[in-house]
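One structure below.
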C-alpha cells in the first residue's frame with residue numbers, strides 16, 4: 001500500500017529521513033503515527049526508527065540530545081522541530097513482566113517491528129509513502145481488529161502493561177480484540193499486579209477519556225482484569241453500572257469527571273483512599289473528592305449561591321454534565337446566574353482583611369480573628385452584606401458587640 005499524499009507532520013519530518021538515508025542508513029516513520037494516518041486520525045507524535053546506531057545518528061545531525069540513548073533514542077533538533085529517532089532494536093528476556101533485561105541494537109526493520117505489541121502498531125512508512133507491513137497489520141486495520149504481534153502469550157509475558165494498552169486501544173480506536181489475543185490477555189491478567197500502579201493509571205485514564213470507553217471497560221470486565229487493579233477487586237457489578245448508567249453517546253469532559261463517576265458507580269466510600277491506591281497527585285485527589293461531594297449535594301437539591309462559591313462554576317458544570325448523561329434534570333442557566341450574582345469569587349476579593357481587623361478593632365491573630373473573617377465572607381456570599389469597607393466595618397462592630 002502506498003499513500004498518495006503525506007500528511008503535513010510527515011512532510012515536515014521528511015528531511016530527517018532523507019539525511020539519514022543519504023548517510024547510508026534506513027529510516028522510517030513507525031508506530032502509532034502511521035496507524036493514525038491510515039485511519040485518518042490526527043497525528044500526535046512522529047516517531048522515526050533507523051538502522052543507524054545512536055552514535056551514528058548523532059554524527060549525522062548538528063544538534064542532538066541524549067533523551068534515552070541506552071534504549072537507542074536520540075532527540076534531533078532540526079528545521080524548528082524536535083524528533084525522537086530510535087535505533088532498530090531487539091529486547092532480551094523481560095524482568096518482572098515489565099522491562100527488558102537488555103536492549104540490543106540491530107540493522108533489521110523487521111526485527112524491530114516484531115517486538116511491538118499489536119500489528120496495527122507494527123507498521124512503518126518510508127519516505128515515498130510506501131507502507132511496510134510485516135505482520136498483516138493493514139488487514140487488521142481494515143477489519144478493525146486488535147491482534148498481538150506474533151505469539152500473544154509472549155507479548156503479554158514480556159510486558160503485562162500491554163493488556164491495559166489493549167483495553168485502551170479498543171476504546172480509542174473502536175476495535176474488537178482478536179480471539180487468541182483476547183484469551184492471552186485474560187489468562188495473563190494476574191500479571192497486572194506486577195506492573196507499577198502509575199503505568200496502569202496512565203492507561204486506564206486514557207481509556208476513560210477515549211470516545212468508545214465502554215468497549216474498553218467491557219473488555220476489562222470480560223478478562224476479569226479489574227481484579228488485579230487497585231480498588232477494583234470484585235467490582236464487576238459497579239463497572240457494569242458504569243457502562244449502562246450513562247447515555248450511549250456520552251464521553252467524559254475531563255479526567256476529574258471520569259474518575260469521579262467511576263467511584264460513584266462503584267459506590268466507593270472513601271474516594272481519597274481509592275485515588276491514593278492509584279498513586280494520583282494530592283491535587284487530583286482533592287479536586288475529584290470535592291467533585292463527588294458536589295455531585296451528592298446536587299442529587300439532594302438544586303445548587304445554591306454558596307455551592308458555586310465554594311466549589312466553582314466549572315465543577316458545578318461537570319456535575320450537570322453527569323446528570324444530563326443520566327437523563328436527570330439539569331440547569332446550566334441557574335449555575336451561570338448564581339455565579340454572576342456572586343459579589344466575590346474568593347476571600348481575596350473582600351475589601352477588608354485580617355490586617356484591618358487587627359489595626360482598627362484591636363483583634364489579635366488567632367481563631368477569633370479567623371472566625372470573624374469567615375462570618376464576613378459568608379455574609380457577603382449570601383448577599384446579606386455588601387463588599388464595602390464601611391459596611392463591613394459596621395458589621396464587624398455589631399458582631400463584636402454581641
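Cβ atoms are placed via backbone N, Cα and C, with glycine included.
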Candidate from 63, 116, 136 that Swiss-Prot assigns to the same ATP site as 32, 35, 159, 162, 165, 168: 116
For residue 32 (ATP binding site): DSSP state (helix, strand, coil): helix
Neighbouring binding-site residues, C-alpha within 10 angstroms of residue 45 (Mg(2+) binding site) - of 32, 116, 159: 32
Distance from residue 47 (Mg(2+) binding site) back to residue 35 (ATP binding site), taken between C-alpha atoms, in Å: 12
Residue 45 (Mg(2+) binding site), number of other Cβ atoms within 10 Å: 11
Rounded inter-Cα distance in Å - residue 116 (ATP binding site), residue 47 (Mg(2+) binding site): 14
